[in-house]
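Enquirer: My structure is below; once you've seen it, I'll send some questions.
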Amino acid sequence: MNLQIIILAAGQGKRMYSDTPKVLHHLAGKPLLTHVVETAQQLNPDAIHVIYGHGGEQIKSSLPNLPVHWVHQAEQLGTGHAVLQAMPHIPDDAYVLVLSADVPLIQVGTLQSLIECSQRQNPDHSVLALLVAELENPSGLGRIIRNNQGEIYSIVEEKDANEQVKNIKEIYSGVCCTLANNLKKWLPQLSNSNAQGEYYLTEIISLAVQNKTPITSLTAKNSFEVQGINNRQQLQQLERIWQQRAANQLMEKGATLADANRFDLRGELYCGKDVYIDINCIFTGTVVLGNGCKIGPNCSLTNVTLGDGCEVYANSVLEGCHIANDCHIGPFARLRSGTQLASHCKIGNFVETKKAIFDEGTKASHLSYLGDVLLGKNVNVGAGTITCNYDGVNKHQTIIEDGVFIGSDTQLVAPVTVGANATIGAGSTIRRNVPPDELTLTESRQKTIYGWKRPVKRERD
């Protein structure tokens, strides 16, 4: 079977009150259009056609790597007109699945079932399959009109509906599947004699009835699958539905969330056994948490891997890091891209790292900046240690070998190497390589000025 998918993404989204096209607004860290394209890809179609119009160049430039065929709708004349723009690129014998870019939570299983509905009869008597739903509040959506035998014979958009039709709870989702040959016959016959003055795709139902093409429907099991986004309130509602589903899936696999309503996932999160996640944590990109990991409150992890038994304390920010087993991080730590910790390392409060590689058992417990640095095993980094890695033009590396003890308030001016088991005295500024096994410090003589008086403020007149 040749499957062609059309995604409608040309709408202006006026009710978003935004300079950003509606389909680029984010849900769970990804644009709405990306959600729909990723779902469509799971059906293994022969092609995905995205119909763009309003803000089209912005959409294309923002999502340059989407595996789609872009089709321009120069004038936004309605959904039927939008689908018509893609038809020259689709063979007559292909099955066409029409989706909407602002309906991001449609499930692949539902779409697969709809495609199967459209194939149940001989292709010579092809079916028009519609995805429908029963909603308690169907406001704003097209209503399904059935005859006395329960057969669908029309869809009426709300702006064209009378009060009797508005009381109908069954709605059309905007998702349909049929042979391309049918659409190529029906779409040129659409009329714009309606309240919007547009060419509605829903009018193909009446044309299918006239042509005696069977119409079948599939009712979505979950109403959220067919919920569209037209304003920011609806975007927030679907965000919470997506997050709740993600939280439930994690808990089903053995993770504990302190409060599923205060958890945000903006990518992929893979958890081992007995993982604990406290409140207000944000996971972005791809995050892997090993067995027994604990994430404290108010943490942000982006593209991070944690080994077994790690603990990240409150208010820590980790990005682009690889952490081995049994490490402790935070509170208030910031680990930036390129940070790698071997097992049993500790990064304490108000420590920032970037391109820092720690070997086993190394600790930086307080108030330090460690950038472009290699640290050996069992190094102790004292409070207030700074690697001075930037000369205003280039970055330089610091190498700290095994067993080094660095006293508090030390500046290491890169490029510099500290030899194994060396000790650096507190308050030192190290500009040259430090020999192993020795104490190195920079001394400034302490001086006491006897009889010195503090300045006294004069009383103002």
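Cβ from N, Cα, C; glycine included.
Straight out of Swiss-Prot:
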- H366: active site, proton acceptor (ACT_SITE)
- 8-11, K22, Q73, 78-79, G142, E157, N230, R336, K354, Y369, N380: UDP-N-acetyl-alpha-D-glucosamine binding site (BINDING)
- D102, N230: Mg(2+) binding site (BINDING)
- A383, N389, Y390, S408, A426: acetyl-CoA binding site (BINDING)
- 1-232: region 'Pyrophosphorylase' (REGION)
- 233-253: region 'Linker' (REGION)
- 254-461: region 'N-acetyltransferase' (REGION)
Enquirer: Have a look at the recorded positions (K22, H366) and report the one with the fewest Cβ neighbours inside 10 Å.
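Expert: Output over recorded positions K22, H366: least Cβ neighbours within 10 Å is H366.
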Enquirer: Here are some binding-site residues: L8, A10. Which one has the most Cβ atoms within 10 Å of its Cβ?
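Expert: When each Cβ's neighbours within 10 Å are tallied, A10 tops the list.
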Enquirer: Of the binding-site residues D102, A383, Y390, S408, which one has its Cα closest to the Cα of N230 (UDP-N-acetyl-alpha-D-glucosamine binding site)?
Expert: D102
Enquirer: Hey, what's the Cβ neighbour count for N389 (acetyl-CoA binding site) at 10 Å?
Expert: 22
Enquirer: List the same-chain residues at least 6 positions away in sequence whose Cβ sits under 8 Å from the Cβ of G78 (UDP-N-acetyl-alpha-D-glucosamine binding site), in sequence order, or say none.
Expert: L190, N192, Q196, E198, Y199, Y200, L201
Enquirer: Please report the Cα separation of N380 (UDP-N-acetyl-alpha-D-glucosamine binding site) and S408 (acetyl-CoA binding site) in Å, rounded to an integer.
Expert: 10
Enquirer: Inside 10 Å of the Cβ of D102 (Mg(2+) binding site), count up the other Cβ atoms and send me the figure.
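Expert: A count of 25.
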Enquirer: Let me make sure I understand the structure: which of the binding-site residues listed (N230, N380, A383, Y390, S408) has the fewest other Cβ atoms within 10 A of its Cβ?
Expert: Y390
Enquirer: With H, G and I counted as helix, E and B as strand and the rest as coil, say where DSSP puts L8 (UDP-N-acetyl-alpha-D-glucosamine binding site).
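Expert: Note: L8 (UDP-N-acetyl-alpha-D-glucosamine binding site) is in a strand by DSSP.
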Enquirer: If you measure from the Cα of K354 (UDP-N-acetyl-alpha-D-glucosamine binding site), which of the binding-site residues D102, A383, Y390, S408, A426 is the nearest?
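Expert: If we rank D102, A383, Y390, S408, A426 by Cα distance to K354 (UDP-N-acetyl-alpha-D-glucosamine binding site), first place goes to Y390.
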Enquirer: Based on Cα distances to L8 (UDP-N-acetyl-alpha-D-glucosamine binding site), point out the closest of the binding-site residues D102, A383, Y390, A426.
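Expert: Closest by Cα: D102.
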Enquirer: For the binding-site residues listed here (G142, K354), tell me which residue's CB has the most neighbouring CB atoms inside 10 Å.
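Expert: Checking each of G142, K354, the winner is G142.
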Enquirer: Please give the maximum pairwise Cα distance, in Å and rounded to a whole number, for the acetyl-CoA-binding set A383, N389, Y390, S408, A426.
Expert: 22
Enquirer: What's the number of neighbouring CB atoms sitting within 10 A of the CB on A426 (acetyl-CoA binding site)?
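Expert: A426 (acetyl-CoA binding site) is surrounded by 14 other Cβ atoms within 10 Å.
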Enquirer: To the nearest Å, how far is the Cα of A383 (acetyl-CoA binding site) from the Cα of A10 (UDP-N-acetyl-alpha-D-glucosamine binding site)?
Expert: 56
Enquirer: Measuring Cα to Cα, how many Å separate S408 (acetyl-CoA binding site) from A10 (UDP-N-acetyl-alpha-D-glucosamine binding site)?
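Expert: One finds 60 Å between the Cα atoms of these residues.
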